[in-house]
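These come from TrEMBL:
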TRANSMEM  77-98  transmembrane segment
TRANSMEM  110-129  transmembrane segment
TRANSMEM  136-156  transmembrane segment
TRANSMEM  162-180  transmembrane segment
TRANSMEM  189-207  transmembrane segment
TRANSMEM  227-249  transmembrane segment
TRANSMEM  256-276  transmembrane segment
TRANSMEM  282-306  transmembrane segment
Amino acid sequence: MTLLEQRYRNVLKLLPASYRAEREEEMVAAFLEAYDAPDETGPRPPWGEIFSVAALAVRVRLSWRPRGAAWGETVRLTALFGIGLQAVLSSATLMSALADPLSDRLYEAANLGLAICWLLAFATLARGAVRPARSLALAGLAFTVFQQVAITLAFGDIAFESWLGTTSMAVVAALALLLGHHGGSTTPVLPWLVIVPAMAVGLVYYVSASVLTSGPAPGLDESWMWIWPWASGEGVAALLLTVGSVSALTRRPVHAPAALALGVLGLPLLASRLPLLLDHQFSQAIVISGAAQLALLGVLVPALWVRGLRAMPSSGREDPRAVL
């Protein structure tokens with residue numbers, strides 16, 4: 001056995017033993033046919049091959065029946081819910097960009113690119129077109145990160161809650177989309193009668209926010225201070241997560257993947273509400289309203305995890321041929 005083969009077999013130990021028993025020799029033969037080097041050079045498997053094996057290991061474990069299948073569905077629903085949330089916020093972003101263009105052309109272009117990419121990513125994913133949805137989601141994520149970097153450079157710590165909230169939720173959704181879908185997975189297809197109203201929620205949010213901020217000096221209005229924690233992007237996400245959580249927790253029987261997917265997205269959102277309590281520059285109304293929001297999420301997110309884990313099916317026998 002050559003040094004390169006030995007090291008590649010060590011990499012293959014990332015795969016489940018049952019899968020390795022059926023596919024190891026075939027994978028080793030294919031690898032050595034493509035890569036060959038004498039021991040004197042100290043050869044190692046390329047990083048690209050290592051990452052490929054690691055991704056395969058994740059997909060195989062998500063395809064075990066029945067618990068693995070439920071975890072796989074959890075990852076796919078995390079992607080669908082997370083990208084759907086980005087689409088809702090992007091609807092409002094698109095309306096804002098069209099109705100009130102900014103003077104900064106680069107930032108305005110990033111806003112439009114962000115909105116269009118997330119809207120198309122959700123539409124294509126909801127219709128079962130996973131491959132274009134991946135490309136669009138990654139492009140949307142790039143625009144989102146660029147936008148948050150620009151805001152942070154301009155305003156400093158004021159963008160910190162966005163980094164913790166909607167931006168980290170976008171990262172989670174994009175990763176779930178990359179990991180959760182493979183050749184053997186089932187991709188649900190939603191009707192347009194569900195997709196269009198879901199994206200239209202963002203338009204309602206934009207119109208409501210426009211009405212609320214149309215009065216004189218809304219930043220100094222005490223009533224606006226009570227509403228503000230629910231009117232930001234993270235606030236809308238918290239409101240949607242609350243509605244989804246109540247629906248998931250009251251369903252009988254509890255659908256474990258849906259509950260866990262909401263729980264996964266709820267963790268960064270829960271963390272994003274902490275600055276409302278820790279920053280003493282906020283008014284008392286914002287702190288109290290933010291504390292109520294934090295308490296609500298603090299009850300719902302753990303409940304989603306507990307109920308979801310309890311509803312997961314029992315572990316079944318591994319099927320090494322689940323992913324080929």
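Even glycines carry a Cβ here, placed using N, Cα and C.
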Contact call for the transmembrane segment (282-306) against the transmembrane segment (110-129), three or more Cβ pairs under 8 Å: no
Remote residues contacting the transmembrane segment (77-98) - C-beta distance under 8 A, at least 6 residues beyond either end: 108, 111-112, 114-119, 121-123, 125-126, 133, 137, 140, 144, 166, 169-170, 172-174, 176-177, 180-181, 188, 198-203, 205-206, 209, 233, 236-237, 240, 244, 257-258, 260-262, 264-265
Contacting positions for the transmembrane segment (136-156) when only residues 6+ beyond its ends and CB under 8 Å are counted: 79, 83, 86, 90, 107, 110-111, 113-114, 117-118, 120-121, 124-125, 162-163, 166-167, 170-171, 173-174, 177
Non-local residues, at least 6 beyond the ends, that sit with Cβ under 8 Å of the transmembrane segment (189-207): 84, 87-96, 119, 122-123, 126-128, 236, 240
